[in-house]
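Since the structure comes first, as structure tokens, the remarks are kept for the end.
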Amino acid sequence: MIFWLLLLNAQCELLVIHSSLYAKTPSCGSAGCNLDGWTQQASPNYYTCVNEGLAMNYLDSINKQMYRGLSYGYPKVQFVVWFDLFFMGTWNNEAIQVKYNNVLFATITYTNPTTYPYSTEFCDSKQYQVISKKVLIVGQSNGNLLITNMSANGKVVIRNLIFAVEKCHWSCRTCTNQNSCQTCFTGTTLNAFGLCTQCAEYLDPSLGCVPICDINKYPNSDKFCVDITEQSILNDQFKNPPPNVQWIRQYDPSGLTTISKCSQYFGLLTGNEGMEKKISQPTQYKHKLRIKVVLYLYNTIPLNQGIFFTINNNYIAQLYNSNSVITMHNGYILRKTSQSCAGVGSGQLYTLIIISPIPTGDFIMRIQGNMQITTTVWGVTQIQIVAGTCQQECLTCTSDFICSQCIAGYYIYQGLCTNSMQSDRLSLNTTHVITYDTEYPYSTYLVSDFINYNIRQDPETYFTLISQNFQNFLTGFQTFGLYTKKIFGGPYVWTNAKFNNIYSINNAHYAISIRMKIILGDLFAQQFIIEFDTNGQEVITAGPLSINLFGRSSTEYSIDKYWYISHSTNSLTITIECQGNGDLLHEYCGISDYYIVVHQCFPFCLVCTDSTEIGCTSWDANYYTAKFSQVDCLSNEYYYNYNCNPCNILCSSCRNYNLCDTCINNLVLINDLCTCSQGYYFDTGDQQCHQCDPLCQHCLQYNFCIVCLQINRRYSNNGVCECEESFYEQLGNDVCIKCDNSCLTCNGPLQTDCTNCNTIKNYDLKSDGQCLCKSHYYLSYGDCIECHLSCKECFGPNQNNCLECDSTKTLYQLQCKCNLGYFDSGISISCNDCPIIENPSFPECYFDCNGTIQWFNINCTYAPVCLSGQSIVNYKCQSICGDNIIMSDEQCEDLNNIMNDGCYNCQYQCPLSCPNCNSGSCTDICGDGYVTGTEQCDDGITTIGCNGCTYQCQSQCSDCQMGRCFECNVSGYMLDIINNKCIEHCGDGVIIGSEECEDSNSNPNDGCDNCKFKCRSDCLECTTNGKVCNTCLNSGYKTVTGSYKCSTICGDGLRISNTFETEQCDDGNLIGNDGCSSTCQWQCQPSPICTTCSNNLCSVCGSGYTLISTKNKCVPICGDGIVKTSEICDDGNNIYFDGCHQCQLMCQQECVTCTIMGCTLCEIGYTLNLFNNKCISLCGDGYVNGNEECDDLIHQNCNKCRYICDYGCISCIYGICYRCQLNYNLNQQTKQCEIIIINQSQQLYQQQQLNNFNTYQLIKYCKFQIQSDCLECESNFKWNPYNQQCQINNFNCQQNCLYCKQEQCIVCQNDFILINSICIEDKSFINTISICKQSCKYCLNDICLQCNKGYYPVLDTCQPICGDQIKTLDEQCDDNNNIYDDGCFDCQFYCFGNCLNCQFGQCLECEEPEKLIISKMQCYDPEKCDKGYYVSDYDNLCYSKCGDYIKTEDEECDSKILCDNCILICSSNCKYCVDRICYTCEDEYTLNEHNQCQFLQQSQQLIPNLFNFELNNTLCFDDYCYYQSQPIMKLQLINQTNNNIQFLNLFFDQEIKFNCKNIQDLIKIQLIDDDNTFINSTIITQSQNLIIQILYLQTVYNPIIQIKLNDRKCIMNQFNQTLQDAIIQLRTESIILLTESEQLATDILQNIANTIQYIIIITLPALLIVGQISNFLNFVDLLQFTQYQQYINITQTPNMQEFLQVFKNTSFNKILSSFSFYNPYYIPTQFQRNGSFITTSIPITQVYAFTILSHYALKSISKLMRQSTLDLRTQNKLLLKFHIFGNKFIHNLNKNNLSMKLQNLTVFCGLEICMNAFICSSMGISNIEQIVEFSISNISSISYFLYILNTVKMPTLITLRSKDNKLNPIYKSPEKYRINAHIYIQSLKKLLYPLCLVYCHKNPTVTSVGLFIIDFGYGLYVYEIKPFKNKLENGKIMVQQINSSLVNCCNIFQSINLLTNPKILGFIQMGLIAESLTHSFFNEVAQKKDIIIKLFKKLFHYSDGKVENPGIIEFLVYE
């Protein structure tokens, strides 16, 4: 079940199979650029970008395509393609097509903008736009990716292409997604989790379940076969084999196959046929031979027969038929498939894997059949051999696939060899790569990406966007390709946005490490912020300039960051924010090389402080049964994954299930497997090996042999060993006798007793049973070879090797010569007859007759005279052979005719096999490659078993047969059955030969492994001879001089427990008898300290001692009054500073002389209080000592040596106020708080600001903090403004130094090494510094003669002296002491206690409940202080706190009465008072125990406390009493946000204190008369109040909230009085929430209004420019009316609130600000106005001035254009037309009476100023500044109003009645005055509207009624008077006023709560406002339709004809 849960939790990952087109400087030439393997359709085009230093191809209409072949052979979901498109040129909705295998998968359309957004940083000054795309390719396999440009004129450059595959889960054969299998591999099934079951052995992604991985793969921890590079010794493939495939076919004469050969196989073979090849010795010795044979089999193998494999004639494996099942013996069937062969039929193709030891030297491999029928046919298509299971770059392996030594230039990484320096490489040692995840034990990667283009998941899913400003993601993606890697962010992508990601961490851990490279643009000058969880932010600014990363600039910033964070929760939130200013080309941010490493706890640990076992504080239950090493397992078990697993049943010990170390019974270890030795078989019954038949080499049973002993010349025939062909069995002899070469078969008893002759070799069977050569053939090496044509019989192939001639020839000197009368035609054995008639063409027919040449048939009478030993032959003398006379032409005479006796036919003659024939004798030459004479063998043929041409074995061999050893009986040696020789027997305890050591075991960690010296696995760096360890692997260990292993460091405080050594304890010292011995083993303390001890563990301590069981230590009981060991004193109490505390001397820090009785002498500035023998500071003496903050004599704002600020200050530091409370203002001159009078809106704003101030996160180790800055850090810390943290004072170190002390570097940054307190980067220089130069002053070679200072001599080396205060290279520190808690112990940095974050001996964070002591930067167990005492973070001691009103032993008093600084002062009844101590009282008073005067009658009374409360709240002190009221709880509503959240403030009328820790749990919040399930509440505790946040879940009308305190004692005042009442109630405003349907309706209306609003806003500037000011003002009035709805003092319904948000930016103030150069800082009020008249009126005045100046500017332009037009009458025609067009435009403006309309704008601006004056007046007057503001505003408003009355020509009643035309202008021009009258009415309406809003604000009903009267009255006026000539304009105003009146009616209903559901009124109001906007806009369009058409016609209609006389043109001048 656990396995499948792990599968379901597996992360989906991508595999990048191709990335390209990202190189910065590709090679380009005439053929284009290097396209990373891409092919373009036509001759490539390319750009050469000079500024950016790169070149790139592009696609256009001609060269429009590029393609590339891609492949992936494993199960997948789909392909994913990412790329960036750089568009250039003209694109008109044209496309880029992406095809795969000619299937269209994406069409990317693009239309270029009018102006491209970019023209730099890509390719010189080319204009472009970049877009990123992602394409999914589904349902395809291997094929071509084709990208086509379909544009006619556009160009595109394709960059940063990534082709990835979304893999199926590794258990799937096919899948629907990454964690849902569709089909499974053979051998697995689909389970309930949607995945496939696990294979029994291994899973190959291309084959499915397999018994073993292929030879070029290895199994990972999931038993999943992954690829590995292997060195192939042989890889012969027989389909079109290359010339070097030299396999020899071994024929079986009795079963020759006549089947034609298949082209893809070697063969076909049958019966006992086979194939063999000599293979050269592997160049590098590895681990094993791994052999793969792909074999075709037609028809099944007969039962118990098969095909076997041998090396050097030694059996290694067999494919055979066992019980009708084809199986492998000593091998594996990897795969079986159907296969056909032409002419044969369909058969089976077997892929076989065989593992064998590597033989010595060259070897012969043979594959041979062992079948008696010829119907089974087989052939081989591939044979591959690799040199072991190690990868190619590995020299030696400790076991399968685990490399122990790499070749030069390679390092071990995760058990394999690599030469690629990973980006996560932390460091290198001589053999291993140390990466980020191997820096600490049990660490693993959580994130590892953006390193290159090999992304592991969709890069757009890494972070979640939270917020953004400006414009980001112009490419459409969150990532971008930056030359060599894919980064998050980057150019075009990220300039100002905030992201986060929440990671899940399931395993228990104690810390995380985070690394990333932050990339900032070349002009980035802002901040990059990163935050981990809630640990505070780190601000990162631009650092040193780096190399060019983007574009042409070489000044990008690349900042490497590293964080080590203590962390143990199961989630991690990372927030990143870039605060650029919007420039995506130069002010961007990016992240690359992003790593998160989780440092996990020790296995099975649930909670820990580090990765060690001792650092675990909570264990999983499985820990107690888990196993952690092989030592914990039995001998027949192997350790794996914290379990002991049983070995294979044949192993008695093993490394894993498949690799045995020792075997059971009499089995032997061969090839890491337990098997029977040669000649034995395994019986499954008794688990023993039994001997085979003596004739058998390997057998399955005694009587069934697989392979027979070849030396006996036998083969297995159906399990029986029979003689091979041409051999016969001799009775009583196991070895078959070889038949004579002439025999095919024979039956003996003689070799020549043939039964069949070798007809192939031209033998004939004679009647006597012998096989002789045919006539005209001679015998040579067993073969009958044809004689020379001239010979009838011969002994050799040449013409001088004749023995017998034809009758036409005569034998002479071993040659056959033609007789006289014959000639040799050369075509037959016989000579031909000469012709009778002489023919010169036959010269052989002539003869010499005494010097005369005659034809053969002419008689010659000459008879020569011959010598003795000669006779006449053909008229010549010729020697007579056999007469025992050696003539000149004879070499010898032996008087016989026997062959091979040295002389034949009187000529020397040796056998043909003789290479050196000397006068008829054959001379043997050893090493000539021939076995001759007495030679048994020849060294030139074989070097194994042959020495001096004689068979010879090693001296250790006891059974040598023909040079091969079959038994070794010499001690220390064993038989190598593969190479048949004796080798050293490693493990027998005898050191011989090349063995370096012998330990008789298989333990690789005892210094001797495989009989070679080897350091233990805890050693990191070992000497080359393997004897001495130089560097240990883990902390807590040290090297041992001359030893191969590391030893634990006893006394370092780290308890080590492993398979090698175990420390039972480590108390940080080497002192014995203290519970832990000097060897770190448990040891009891001596008696009488420990009285009962068992197994070195103390169980009972002596009297006066108590047992700490975890430390096995008895410690004295402090406080029992008895001084024991380690105690200096024991006063029986726990009082601080009384001279003895915790049984040690303790006085105050101010004490100079401390005794057991207390202090006797104080420092300067203190005086000794004889009352308690303590030092007290003297206030006013000019010194600041003790708990004094200041001194009244020398400091300001200091009272009684305490800094004070005025009342109202909430942040007082050093007597200076930095922040005032509500209703107070900070005077910047005096730095004191002054009370102010503010309205409710300002109070809410200040409270919000105050809350924001209080939300700043506390800065760790900050003493005084203001907002996010720290004014002063704690001791030993310093403020770092770059990351805004208080850090250890170490960041002023030298460059490249991470931590320094006293100007000397202690620790360097990464890639730097500390040499003589200097950080050095050059590693080659570091390596050249020898140890001698560092520690030795004078040395000779490696022997030190004199050590340097700080070292002492040990043998021939120098070791550092710890404790001499001289820090050497081997020491981290040296403080000349052995104190544990001072940061340096044993010259190494050491943190005391349970430190979570130890840095350079200083602890920065402690594990609870321990506390960090700032003075020592160490962790200590906190003391439990008595009441009134508090633990100090400085020294962990308990101190009393003066002012907490709790009197302690070291305080005389603690109150506000007769007590100063917790020291009693004399009362008024004291007669003689010295230093606040009364010595004599007045009459009738006496001194009490507190040295105060007490009334004599009360002297006998015991006053237990200084304070005494009576029932009537009266506080008394002696004879002085006064009334003190109880604190009263108050509740107020602060504000209401988001419609459903209310913030309440629970505060008190006097200073209080919280006595309960969890005050939130004691307060009950509930609704009265409502369901309490409607709310969720949260309480935030502050110093003197509680902030209550209430979240409403449903609509609640006017809820009543009740707050109840369950325990009154939790809140008291300073006199310990409880609350007067514990319950308080408050009725709040209604909470109205929208339903889903209501929210949808709100959104629809909001969108409608928003659309119309922005259409109107867009038209406003155009109306103002062309002079349509009346229309401009009308639209502004309409928008202003809508904005006024927010000012009515009514809580709007949520739907109306959302609707009004649409108009938040369209108020007239906002519009004015858009025209203004002055942008005042607006303080939010109810009216969204500034209370300052001056600052608000400035933009209004600017608009008016802008309009007037525009008016006069147009006049000036008109005159200039007129003059320039006159000058251009003979100039350019086009320019002249332009001037005429300008004049006409200005003329049209003049016709529209712009001057008159500017006057209306003046009126409008004046009204706005008047309204500002009203608002300013309503805020009241409280200071001189407001008096000036009030005066200026009112004078200005009155003046402006009078100007309006004068400007607007309103007729009087007299002029209306007058008939005189001069006095009655209306009679003369009524329309003019009608419009002016309307302006007056309209102005009055605008003036009344804000007056009603401001002065009726407190009563919303009156405000709404007033506004209704104003709107309705103005509407009636328009209806009756119709002031506009245009009916549409009158109708528009009517509709606006009706809608406004109805809106105000809804406000009236809402103010009196007429409806229970006010949301209905909100929807009505929203609809009315939306209708007003819509109607007004379309009405205005209808009115101006003809004017707009006419205007455009006039503006653009002018003659194209030639201007004959420019002088007659009418120039229109603007008036």
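Here the Cβ of each residue, glycine as well, is placed from N, Cα and C on the backbone.
Curation plays no part in TrEMBL annotations; they are all automatic predictions.
On a predicted model such as this, the values are computed, not experimentally measured, just so you know.
The signal peptide annotation in TrEMBL covers 1-19.
Among the features that TrEMBL reports, domain 'EGF-like' is placed at 167-197 (among others).
The average pLDDT for the domain 'EGF-like' (389-418) in the predicted structure is 73. Feature annotation from TrEMBL assigns domain 'EGF-like' to 389-418 (among others).
If one looks beyond the domain 'EGF-like' (653-690) by at least 6 residues along the same chain, the residues whose Cβ comes under 8 Å of a Cβ in the stretch are 288, 314-315, 330, 355-357, 399-400, 635-636, 638, 640, 645, 647, 696-702, 977, 1002. The domain 'EGF-like' annotation in TrEMBL covers 653-690 (among others).
The domain 'EGF-like' annotation in TrEMBL covers 698-737 (among others).
The feature domain 'EGF-like' is assigned by TrEMBL to 738-785 (among others).
Using DSSP to sort the residues of the domain 'EGF-like' (793-832) gives these counts of helix, strand and coil: 0 helix, 16 strand, 24 coil. Residues or ranges marked as domain 'EGF-like' in TrEMBL: 793-832 (among others).
According to TrEMBL, the feature domain 'EGF-like' maps to 1021-1066 (among others).
DSSP labels the residues of the domain 'EGF-like' (1075-1115) in these numbers: 3 helix, 19 strand, 19 coil. Taken from TrEMBL, the feature domain 'EGF-like' covers 1075-1115 (among others).
Residue counts for the domain 'EGF-like' (1142-1176) under DSSP, split into helix (H, G, I), strand (E, B) and coil, are 0 helix, 20 strand, 15 coil. Look at TrEMBL and you will find 1142-1176 (among others) tagged as domain 'EGF-like'.
Under the heading domain 'EGF-like', TrEMBL lists 1285-1320 (among others).
Positions annotated as domain 'EGF-like' by TrEMBL: 1331-1359 (among others).
Per TrEMBL, domain 'EGF-like' is recorded for 1452-1494 (among others).
Residues or ranges marked as transmembrane segment by TrEMBL: 1654-1676.
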*To the domain 'EGF-like' (738-785), which of 793-832, 1021-1066, 1142-1176 is linked by the most Cβ pairs under 8 Å?*
793-832
*What does DSSP give as the helix, strand and coil breakdown of the domain 'EGF-like' (167-197)?*
0 helix, 14 strand, 17 coil
*Six or more residues out from either end of the domain 'EGF-like' (793-832), which same-chain residues have a Cβ under 8 Å from its Cβ atoms?*
775-776, 778, 780, 785-787, 842, 844-845, 847, 856-857, 873-874, 878, 889, 899-900, 904-907, 909, 912
*What else in the chain is close to the domain 'EGF-like' (1075-1115), if you only count residues 6 or more beyond its ends and a Cβ gap under 8 Å?*
1048, 1050-1051, 1055, 1063-1067, 1122, 1124-1126
*When DSSP states are grouped into helix, strand and coil, how many residues of the domain 'EGF-like' (653-690) land in each?*
0 helix, 22 strand, 16 coil
